[in-house]
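These features come from TrEMBL:
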- Thr214, Arg245, Glu268: L-serine binding site (BINDING)
- Arg245, Thr246, Glu247, Val261, His262, Gln263, Phe264, Glu332, Thr333, His334, Ser335: ATP binding site (BINDING)
- 53-80: coiled coil (COILED)
- 122-390: domain 'Aminoacyl-transfer RNA synthetases class-II family profile' (DOMAIN)
- Thr366: site 'Important for serine binding' (SITE)
Amino acid sequence: MIDLNFIKNNPAEAQNLFKKRKCNVNVEEFLGINSELNSKKMEFDSLRAEQKRTGNRERALELKNKIVKLKEEVDVLEDKRNKIWLSLPNVLAADTPEGASDADNQEIKRCGNIRKFDFKPESHEIIGERLGIFDLARGAKVSGNGFYYLVGLGADLAFAVYGLARDLLRSKGFEFLIPPVLASHRTFMGTGYFPFEPEQNYKIENENLYPIGTSEQTILAFHDNEILDEKKLPLLYSAVTPCFRTESGSYGKHSKGGFRVHQFHKMEQIIFCHPEESEKWHKKCLENIEELMQMLEIPYRIVRVCIGDMGAPGYKKYDVEGWFPSFESYRETHSNTNLTDFQTRRLNIRINSNGKKFFPHTVSSTEITDRAIFAILENNQQEDGSVIIPKKLQKYIFDAKIIRKRV
């Protein structure tokens, strides 16, 4: 959550921030609730102290009744304050681009040569279905629209991509986890996914459990309510998990094939670091993405995400977009966000530095998703329907160099 002191010390700036981020809150009213809460807490503490001192039974009973009533008032005010506080977005980097949607994101770099085809390139789902390695029809038969099977060399290609990504991150010092893929309401609140866009998440009926939309949620909560050892920072974690999203409101040509599905796999880079180092690690995660995309031979671009396209927890964000010939455009394959102390404050994750406690910063960045597999199929397709496997992947896929139609 946002630092309350920032709002108290900069009410006009905070009001302007919330307006920019489409958050309908009255800062003056919010601070009034917080001030009243603090006054009630001070009164409560004063009465409790007097209660402990007094030897008069009549006065002790009077104080007890007042304390019970005051405690109820404090609880109501605290719930009211916290409900608003938890709904407030993070601060923004000063140079965040203005804009309302992804159309306003600012391109800052392109890398890789976009291939010129001697034939009309096909989309990944057509390529995959023809090769017998990608099956939307059976996914729909089993689970409904928005699900797919990777079959045979399609599954092998996925394992190869994630294997290459794992080895790259291990060489950078990341520790891998196999985390839960179901998480509690507290975890979703603590990581800043609730109360924002709850309709994008599935819920287990009659349980306080939700399938994760990203391993970020359960990796960050790994240290929920803990004090981290300052000497061990930064903590570099990664995991590859299935991810589940309702993709409410997604439709049209941009959701075809393996895009905007309800289940997919994703590998994350999650960093816990000193506040003054989050910008450095934000850039390092971006460098890791670029290195992997170059190893996979996928042309890509980097965009700086504008205000209107950034989720509430984000302070600064880059998207990396791979080139998809069938769309004749770049499509998002990665997101990379500096979240400052927004999540650690909500999860009460602290650093103890010589007796002084403060909140570490977090960085959450995609390392790779299934979309990379689709980009490989599209960019490496051949006129005879086969697909060339990128050189760096071949040792992870039994030294195969090409995918041909299954016989």
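The chain as shown is numbered from 1 upward.
Yeah, the Cβs are placed from backbone N, Cα and C, and that goes for glycine too.
Those TrEMBL annotations? Automatic predictions, nothing curated.
Structure coloured by features recorded in TrEMBL.
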{"residue": "Thr214", "record": "L-serine binding site", "contacts (Cβ under 8 Å, 6+ apart)": "Thr241, Cys243, Lys266, Glu268, Ser364"}
{"residue": "Arg245", "record": "L-serine binding site", "contacts (Cβ under 8 Å, 6+ apart)": "Gln200, Asn201, Tyr202, Gly213, His262"}
{"residue": "Phe264", "record": "ATP binding site", "contacts (Cβ under 8 Å, 6+ apart)": "Pro242, Cys243, Gly258, Thr369, Asp370, Arg371"}
{"residue": "Thr333", "record": "ATP binding site", "contacts (Cβ under 8 Å, 6+ apart)": "Met293, Ile298, Tyr300, Val320, Glu321, Gly322, Thr366, Ile368, Thr369, Arg371, Ala372, Ala375"}
{"residue": "Ser335", "record": "ATP binding site", "contacts (Cβ under 8 Å, 6+ apart)": "Val305, Lys317, Tyr318, Asp319, Val320, Ser365, Thr366"}
Most Cβ neighbours inside 10 Å, all chains, among the binding-site residues Glu247, Glu268: Glu268
Number of other Cβ atoms within 10 Å of the Cβ of His262 (ATP binding site) across all protein chains: 19
Residues close to L-serine site centre defined by Thr214, Arg245, Glu268, Cβ within 8 Å: Ile212, Gly213, Ser215, Glu216, Gln217, Thr241, Cys243, Lys266, Thr366
Count of other CB atoms lying within 10 Å of the CB belonging to Thr366 (site 'Important for serine binding'): 24
Span of the L-serine site, taken as the largest CA to CA distance across Thr214, Arg245, Glu268 (Å, rounded to a whole number): 16
Mean predicted confidence [pLDDT] for the domain 'Aminoacyl-transfer RNA synthetases class-II family profile' (122-390): 96
Residues Arg245, Thr246, Glu247, Val261, His262, Gln263, Phe264, Glu332, Thr333, His334, Ser335 [recorded ATP binders]: greatest CA to CA distance in Å: 19
